[in-house]
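Asker: According to TrEMBL, the record shows the following:
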type	residues	note
REPEAT	65-99	repeat 'PPR'
REPEAT	196-230	repeat 'PPR'
REPEAT	401-434	repeat 'PPR'
REPEAT	470-500	repeat 'PPR'
REPEAT	501-535	repeat 'PPR'
REPEAT	602-636	repeat 'PPR'
């Protein structure tokens, strides 16, 4: 039993006392008392008591009283028992317009489609709707966005001369604004001879809903100027206007409305307080949001939730999580909106463990079944790197929407997991149509996995479904084809496009670079500049890689000037690419100058400069950079150690190399690769430690390629080690029998050793091959 307010509770108590008194005196209530008791049951949603009361009505002389039956139908409707309401209605021997109105009103709240059918039945049975009927069904049209049916009702209203009635007129305006008919709403508003608060609020909220904030402000000003005390703005008016201030970041106007709210004594209204907190936050004034919160003096979950949202919006995610903990300690109910905000805070902070804890609270609160909350959980898990946990939420959710599918597909695509393609098929099987976000995510997955076949299937889907390919989709298609190596398809799409942006050019240039077509990428970059397109960060990174491939120092320096002009020197991706370009182009000094300008260096930055110094035989400085990297608290990666070991190999620093090699797996928990072993083999070979090099290759914990053995074979030739050279040659023949360079080296070793018989054996083997 739910009591809507104190008055309803008092009325219900009085009615119960009266009813019990009548029953104890064995004297049934009269018709007026039956109506009063049923009205009280209606207000307090006391369905069970209402049914008991009606059982006594049936046994009394009022079994067919029209007024009592109408009140009973109203009670059933308010209590959500529509079957009982319809059953009572059909049982009635006599009906009037009020009977229809209360039945339609009950259905309008719960089963709006049936409410419209009841209106048709009302017409068929010869009853003429009155203004209350029309107000109810117009609300249904507004809710269902049934503009055509609403226009038909408008025509009937005109025929019955009810158009100028203030209540009907207000309902018509609300219907038109909800259905997008602002022109009709404006015309009706201007023609109404009388306007009440509902009329003004309907037109204002209509303008706000259609993002015509300027007109909304104009109407609100008219309302203040034309209205009297009875037309003073209420909570609904203030909510609409505060939304305008939020949308347009109108801080001054929002503050003035806040002052008006205080003047009208609405400052302790929970809903308005939360809207005010949101308004100040969206206008960039978090301090005033906090002030409104503290001045409310209310521990209400809606207000606390608004403050959490404000902190998240301003990037104060730690504070938002602190407030969330305060809400929990206060034993307040946490609503869905608050959970969504704190999950976003966890996402922003990459706070996976805290996100998991909040997930547990969501499950305990039974809000996990809400699609919006589950979508936030999926998004948090995906962006914190736990696609597995996201999938658990996804599989448990009964009502999935487009956002649910998109979040899960994007998560798999980001992690290069082919499950993204399976979900793309499944969502269509479940009747959910992919949108632009879905398509771009799936195409990104194809690009990352170099899955050309799946990419072509997606492209075929777009053609077969006549999917409107926006610039974003076309860019994603070019990116997919280019990165999957199908440059002809990428070129075709590119040249078929009438409008291209920087992302289009970036996709093409990046694809060419990935296929080691640096010269073509530079040509595209020149074309882009000729067409007057300003390069973005992605284009600059791509073209710098192209310059690195071609060692095109002149073009690279031109790109560097664009970086300076566009103020992108602070971009880590651009800075790292510049170092790589200068390094590959032989300009170590320029690479180091760029390195010094980068403030927030990462592992790639340090590895790039270490590689640069190692490549140009400044080995000591490469090792100094490694020490600097560790000093900054950064962890080297596998590539870093390849560069360092290569540097040690060239200068013959055996002690330093052994120390580095030993630390790779023990100190840094990096899995040793064939490249690391090959660097050590090369160093040992250079220092004539041929036997140790062979032992190292034999000890490798995985199946090797021929590179290490070929390297050692070369050193065997240098040092004239025939025995180990022969074993190296045999290993290479197992791994790569077609390696002609191995034959040449072995022949040279035998020739220098004067082993002519062995030379003949190798030559005969070559002839057989």
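Any Cβ shown, glycine's included, is placed from N, Cα and C.
In TrEMBL, annotation is done automatically, which means it is predicted and not curated.
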Asker: Any residues 6+ beyond the ends of the repeat 'PPR' (401-434) with a Cβ under 8 Å from its own?
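Answerer: Residues 371, 374-375, 378-379, 381-383, 387, 390-391, 394, 441-442, 444-445, 448-449, 451, 454, 458, 461.
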Asker: Could you tell me the mean pLDDT the prediction assigns to the repeat 'PPR' (401-434)?
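Answerer: For the repeat 'PPR' (401-434), the model's average pLDDT rounds to 95.
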Asker: Mind checking which residues of the chain, 6+ beyond the ends of the repeat 'PPR' (65-99), have their Cβ under 8 Å from one of its Cβ atoms?
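Answerer: Distal contacts: 31, 34-35, 38-39, 41-43, 45-47, 50-51, 54, 57, 105-107, 109-111, 114, 127-130, 133.
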Asker: At a C-beta cut-off of under 8 Å, are there same-chain residues at least 6 beyond the repeat 'PPR' (602-636) that contact it? List them, or none.
Answerer: 572, 575-576, 579-580, 582-583, 586, 588, 591-592, 595, 643-644, 646-648, 650-651, 653, 656, 668, 670
Asker: If you run through the repeat 'PPR' (401-434) with DSSP, how many residues end up as helix, strand and coil?
Answerer: 24 helix, 0 strand, 10 coil
